[in-house]
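Taken verbatim from TrEMBL:
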- R74, S75, G76, N87, T91, I92, D93: substrate binding site (BINDING)
- 146-157: compositional bias 'Gly residues' (COMPBIAS)
- 24-154: domain 'dUTPase-like' (DOMAIN)
- 146-185: region 'Disordered' (REGION)
Amino acid sequence: MPEVPEPDEPVEQVDVGLRLLEDLPVPAYAHPGDAGADLHSAEDVVLAPGTRRLVRTGVALALPEGYAGFVHPRSGLAHRHGLTVVNAPGTIDAGYRGEVCVNLLNTDAALPVRIARGDRIAQLVVQRVARARFVLADDLPASVRGTGGHGSTGGIGSDDDETTGTATGDSHDARAAGVRRGGHA
């Protein structure tokens, strides 16, 4: 296997306090350069098709002020089993000291998902966060995007002449009438 060169600049690291509530692996990065550290299940779980469950990880964190943890789905579990994190990304605030739990959802319509204690179920990404200072204004400055929101830039099966340019566009109205874009009913 070819040797991977070291990055020119060192990756920023931050100390995160960790308490293991169960005899499980410490969250860890699988490869150099990975953004997410794997979180493991602290329990055996079977998720029936279309069901969700809060799954314990056996880990409590002490994130430093100015940082937050974000719990993301693992792409392989989503691809192979339809398993995702309902509230992705789940937010862990710096002041939270309880056990990190993951809101898992089995999106498969036919097959259950079996999770064994110790299985990797999600990824934890630790990021710097700014705290907003909200300033009331009578008017907001103009921008190129304006008020175009949900679906205003197009998407699957959309044509530029079909959008209304409003914040909700016409896709909601089309769905309410039982019409799907892309030529399918």
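Heads up, residue numbers simply count up from 1 along the chain you see.
Heads up, the Cβ atoms here are built off N, Cα and C, so glycines get one too.
Known features from TrEMBL, placed on the structure.
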residue : record                 : contacts (Cβ under 8 Å, 6+ apart)
R74     : substrate binding site : D38, L83, R120, I121, A122, Q123
S75     : substrate binding site : none
G76     : substrate binding site : none
N87     : substrate binding site : N103
T91     : substrate binding site : A68, G69, F70, V71
I92     : substrate binding site : L61, L63, A68, G69, F70, V71, V100, L124
D93     : substrate binding site : L63, A68
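Counted over all residue pairs in R74, S75, G76, N87, T91, I92, D93, the record's binders of substrate, the longest Cα to Cα distance measures 26 angstrom. G76 (substrate binding site) falls within a helical segment according to DSSP. For the domain 'dUTPase-like' (24-154), residue counts in helix, strand and coil come to 7 helix, 51 strand, 73 coil, using DSSP.
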